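If you check Swiss-Prot, you get these features:
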type     : residues                                                                        : note
BINDING  : Asp1205, Cys1239, Ser1240, Ala1241, Gly1242, Val1243, Gly1244, Arg1245, Gln1283 : substrate binding site
COMPBIAS : 67-82                                                                           : compositional bias 'Polar residues'
COMPBIAS : 89-119                                                                          : compositional bias 'Polar residues'
DOMAIN   : 121-209                                                                         : domain 'Fibronectin type-III 1'
DOMAIN   : 207-291                                                                         : domain 'Fibronectin type-III 2'
DOMAIN   : 271-364                                                                         : domain 'Fibronectin type-III 3'
DOMAIN   : 368-456                                                                         : domain 'Fibronectin type-III 4'
DOMAIN   : 457-541                                                                         : domain 'Fibronectin type-III 5'
DOMAIN   : 542-623                                                                         : domain 'Fibronectin type-III 6'
DOMAIN   : 625-720                                                                         : domain 'Fibronectin type-III 7'
DOMAIN   : 721-817                                                                         : domain 'Fibronectin type-III 8'
DOMAIN   : 816-902                                                                         : domain 'Fibronectin type-III 9'
DOMAIN   : 1041-1298                                                                       : domain 'Tyrosine-protein phosphatase'
CARBOHYD : Asn72                                                                           : N-linked glycosylation site
CARBOHYD : Asn104                                                                          : N-linked glycosylation site
CARBOHYD : Asn142                                                                          : N-linked glycosylation site
CARBOHYD : Asn231                                                                          : N-linked glycosylation site
CARBOHYD : Asn351                                                                          : N-linked glycosylation site
CARBOHYD : Asn376                                                                          : N-linked glycosylation site
CARBOHYD : Asn396                                                                          : N-linked glycosylation site
CARBOHYD : Asn618                                                                          : N-linked glycosylation site
CARBOHYD : Asn628                                                                          : N-linked glycosylation site
CARBOHYD : Asn637                                                                          : N-linked glycosylation site
CARBOHYD : Asn761                                                                          : N-linked glycosylation site
CARBOHYD : Asn937                                                                          : N-linked glycosylation site
REGION   : 67-124                                                                          : region 'Disordered'
REGION   : 278-327                                                                         : region 'Disordered'
SIGNAL   : 1-35                                                                            : signal peptide
TOPO_DOM : 997-1337                                                                        : topological domain 'Cytoplasmic'
TRANSMEM : 976-996                                                                         : transmembrane segment
Amino acid sequence: MKPAAREARLPPRSPGLRWALPLLLLLLRLGQILCAGGTPSPIPDPSVATVATGENGITQISSTAESFHKQNGTGTPQVETNTSEDGESSGANDSLRTPEQGSNGTDGASQKTPSSTGPSPVFDIKAVSISPTNVILTWKSNDTAASEYKYVVKHKMENEKTITVVHQPWCNITGLRPATSYVFSITPGIGNETWGDPRVIKVITEPIPVSDLRVALTGVRKAALSWSNGNGTASCRVLLESIGSHEELTQDSRLQVNISGLKPGVQYNINPYLLQSNKTKGDPLGTEGGLDASNTERSRAGSPTAPVHDESLVGPVDPSSGQQSRDTEVLLVGLEPGTRYNATVYSQAANGTEGQPQAIEFRTNAIQVFDVTAVNISATSLTLIWKVSDNESSSNYTYKIHVAGETDSSNLNVSEPRAVIPGLRSSTFYNITVCPVLGDIEGTPGFLQVHTPPVPVSDFRVTVVSTTEIGLAWSSHDAESFQMHITQEGAGNSRVEITTNQSIIIGGLFPGTKYCFEIVPKGPNGTEGASRTVCNRTVPSAVFDIHVVYVTTTEMWLDWKSPDGASEYVYHLVIESKHGSNHTSTYDKAITLQGLIPGTLYNITISPEVDHVWGDPNSTAQYTRPSNVSNIDVSTNTTAATLSWQNFDDASPTYSYCLLIEKAGNSSNATQVVTDIGITDATVTELIPGSSYTVEIFAQVGDGIKSLEPGRKSFCTDPASMASFDCEVVPKEPALVLKWTCPPGANAGFELEVSSGAWNNATHLESCSSENGTEYRTEVTYLNFSTSYNISITTVSCGKMAAPTRNTCTTGITDPPPPDGSPNITSVSHNSVKVKFSGFEASHGPIKAYAVILTTGEAGHPSADVLKYTYEDFKKGASDTYVTYLIRTEEKGRSQSLSEVLKYEIDVGNESTTLGYYNGKLEPLGSYRACVAGFTNITFHPQNKGLIDGAESYVSFSRYSDAVSLPQDPGVICGAVFGCIFGALVIVTVGGFIFWRKKRKDAKNNEVSFSQIKPKKSKLIRVENFEAYFKKQQADSNCGFAEEYEDLKLVGISQPKYAAELAENRGKNRYNNVLPYDISRVKLSVQTHSTDDYINANYMPGYHSKKDFIATQGPLPNTLKDFWRMVWEKNVYAIIMLTKCVEQGRTKCEEYWPSKQAQDYGDITVAMTSEIVLPEWTIRDFTVKNIQTSESHPLRQFHFTSWPDHGVPDTTDLLINFRYLVRDYMKQSPPESPILVHCSAGVGRTGTFIAIDRLIYQIENENTVDVYGIVYDLRMHRPLMVQTEDQYVFLNQCVLDIVRSQKDSKVDLIYQNTTAMTIYENLAPVTTFGKTNGYIA
């Protein structure tokens, strides 16, 4: 039970009820007294009331006193008596009467004297008071001694209880259970042993009164009663009465009715006025009309009636408690509105015994209008709906409606609970009253206050649209503000914007998205007018990040991005090219364009669109790929390949081509060449000879858009010929050792061909590597001695053969074959003999000399040891064998028959001397034998008086001749004189011959050692002392430097210049007084004329080598070929040019290099590959190629353009930095390569540059300075080097600035020289030579 139920209070009683109840109770008590039969009793006799229930379930209220007695609102308990001692009743409805009891149940008045056997039994046993837990019994006894009796009262239930009563005829029995049937026995006794017969009475205790009686619900025509039942309560009866005076209650509304048979735990729906309508007119209230509730009960499990507005349930049973409730609920329906009622509830036992009553008052609700609601409110009308508290009779009501506005009011009557109120004003406050009327009675009215909303806006429109904003505007005259609901299509929620203006910009939108804008005008008190809606899409976002995923010659795959969820976008593409335009569309963010033209630029514009709303366009440009090249043709030489190809696209004139040249086996170092636009051929240089290459040619257009696949071609460069090879003889072997440096590049071997006359032999040699300058060596055997062979070696690679390298080599020599015979010796005089012999066979080499050997000893086989003995040794007796004569000869190879024709006769003893051997007179009468030694190689021992070194010479001996004996001397004096004269003549002749040969040999000397022209003077100064030295020499206007320079003027001028002065060479000199010394001039190879070796150039000593530099004049038109021939033959990699071609209107140097196209200078092709023009100098790169051998190498020209025409550079740092630039480049060149330096004459500026280079090295390596000595050395190799005093001072200034920069760590070296003088002047022609050459001043 809910707490609210416990707090329920009975409704207050009306004044009429308060005075009526005591009168009613008095009447009921009088009736009880009358029904008792008039018999007095010492204890009040309680009445017994019986409530009977008929079979039809309707409770009947008995009108007879015998069946129903009223006593204080309670019924008399039912009592039964019996003589049985065990107290059992003979029947539930039987009364056991004693003999003295009358027929009407009254007790008799007779008395009886107790017999001797014991007391008489009691009689007239009554239960004068019955409550739920106790019973008061009374009884009678006619014995005279009854006052002395004691009585034993017993009852048997679970436990028997005995009560002894002494000297009184009544007993109060307590501790009983409610609504329980008890049998009490009463036994009288005297003393402790004499007992009378017992008498019994059956009594049922009252049930417990109901509790927690409450009104659980009240309505207009209904009320719900609820109470709790105690244990033993079988059912309940309700007495329901309307309360009020006759004036307050009409005949129809007056009610008094009993409702019986209400069982615990059951819900009932009962209409008490049904009985009221069927009762007999004029019957007293409360005695007629009753209702048995058994037919109205319904299960508690059923759904309760739904309450209406003014109903309230109190304490419903909790069905989840798990216990069956004993509460009873009665719903009374059909009551009168606004009426007071009193309900009295009696608990009943199973036999109808009722407990004490419980009463409660309540009032039904009056008729009322409630929940007045305005619906369909517009600016000019609204619809009212409401409810009434009396739903059952609502159709009988009419309603008065009063509408009061701010300035007007109106009334309206309707017959149903709804009404339409027209003619209202917008944005106006109204008070509305609805009053129910039933007949003449008005119920409680309902009230409503309402504001009419403003008029809907007009001209609601979109003013501006962007990707994230939409502007809106409208018109309104009565709204205070406006509420805008923004709903995105496809989204469930919406956002709200509030504004007091009549326009708004809605931001934060998504591009390309449809939005609906519902505007609601807001009036007073938050009223809202009818909405207006407009829908519009934002502008789609422009696409971005357009990406060409893949492109071919005819297709292009594009994708792009959009910054929003653009699933509904349509993308329109415009594809434009020089061939026209095309349009297409797609729903995807990618598309493949087909049918395109190769190598064509397409401009693609993409515009997003959704629902005919177009976004901003975005575009990209892309070339389709060119088609692949075809028909590749390759022509090669050793280091270059010229390629040509074809492409048949219409756009091919706009193509360039990218060539990737990859050497086989070296894919990581591919060479790339890109042609100019429209060029379909290219020459690739700096390739490796004899190597296999693969070229891939991509056509490309625009910004490097290449063809999908390259055209491929494999080729091999021509193998490089070897520069030369050397032949070495094998001592005393008929073989040749061939040596050469492996040619550059790769090779598969060499073809060696050796021939001599008709004999020919070819051999394949293994390959070699050109890395690290590897020398190749092979030996050719089984040749003939001293034979000339034509040898050809051809490099082979990739199935190609290089140009053969040829040489003529002669095999070596060995000891000549000894002759078969012996010399013929005959006596000429007493001291001389004649020896005749034939020449040795020269098949082992040309015979270079013969030696005549005499011996006085035995004839044996001579050995090489005898060659060391002379006539003097013979005379001293050191040896009996000696060499007496030596013949030098040059016999070529010949056959044996020819050698026999060649005869030699030697006079021995003529006292001649040949190469240290004295042909002295023989002893008269002496016996001599002779043999001849033939030499193919004769070697003299320098430490043994220049005599023949037999061990080192190639010699063989003839056999000794027969001995010859000399006669006696006929004239010693004549012979001696003759011998002396003859010996002197021989010596003079031989000496003159030797002198003549030596002079001839010196005239043909090709090169003079530089050791002969070492500087003879030097002024070596330490670096730390140079600044003081400079200041000293600089004093008095450079007086000290002037004296030094004066001392240098005559250095070297006396050296011969024969080659330069030859008539054939005079025209090759730019200036007639600047001629190269013969001792150091550069000689070129002789081609068709002996003077072809001349060029006006000299080797110049540098710091590291005597040939570090070549100083030359600026080329003339007729010496351009010679100039480039010198560059090639002397392996020049760098040219230093220190003049402009034209200075002050005079030609100083011919422009000897090509500017655009490659140009041939005789056998040399020169092509410029790059040119960098800077303010102080220009750097040009060339490729120099020998047309005959196809060999080439790079060449860089450093053209210094900041040397004034008459003077020196403005600052020393320019020339010093220029020098370092040159030296950095030379680190990449071969170390033996000289630097070619020239100006106009090749002496002044050229000498200054060379001197600076040497001075910097000297300072860095020796910490000393020798300006004077270096200039002296240069002038010993070429005249006029460092030509002017200004240049000499400038050299010293450069040294000073270098020394200072090292000391101060300065970078910029600044030196100003304001003096100048004439350097090179062409004077009037000299008629002596008939040439235009002048002299240099």
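Each residue, glycine too, has its Cβ placed from N, Cα and C.
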Local backbone state of Gly1242 (substrate binding site), from DSSP in three classes: coil
Asn351 (N-linked glycosylation site): tally of other CB atoms within 10 A of its CB: 15
Selected stretch (most C-beta pairs under 8 A with the domain 'Fibronectin type-III 7' (625-720)) from 121-209, 368-456, 457-541, 1041-1298: 1041-1298
DSSP-derived helix, strand and coil totals, residue by residue, for the domain 'Fibronectin type-III 7' (625-720): 3 helix, 52 strand, 41 coil
Cβ neighbour count within 10 Å of Asn142 (N-linked glycosylation site): 16
Among Asn231, Asn618, Asn637, Ser1240 [recorded positions], residue with fewest other Cβ within 10 Å: Asn231
Asn937 (N-linked glycosylation site), number of other Cβ atoms within 10 Å: 19
Which of Asn376, Asn628, all glycosylation sites, has a Cβ with the fewest other Cβ atoms inside 10 Å: Asn376
Most crowded position, judged by CB atoms within 10 A, among Gly1242, Gly1244 as binding-site residues: Gly1242
Residue counts (helix, strand, coil, in that order) that DSSP gives for the domain 'Fibronectin type-III 6' (542-623): 0 helix, 51 strand, 31 coil
Neighbour count (Cβ, 10 Å) for Asn761 (N-linked glycosylation site): 13
Those recorded positions listed as Asn396, Gln1283, and which of them has the most Cβ atoms within 10 Å of its own Cβ: Gln1283
Assigned conformation of Asn937 (N-linked glycosylation site) - DSSP reduced to three states: strand
Three-state secondary structure, Asn396 (N-linked glycosylation site) (per DSSP): helix
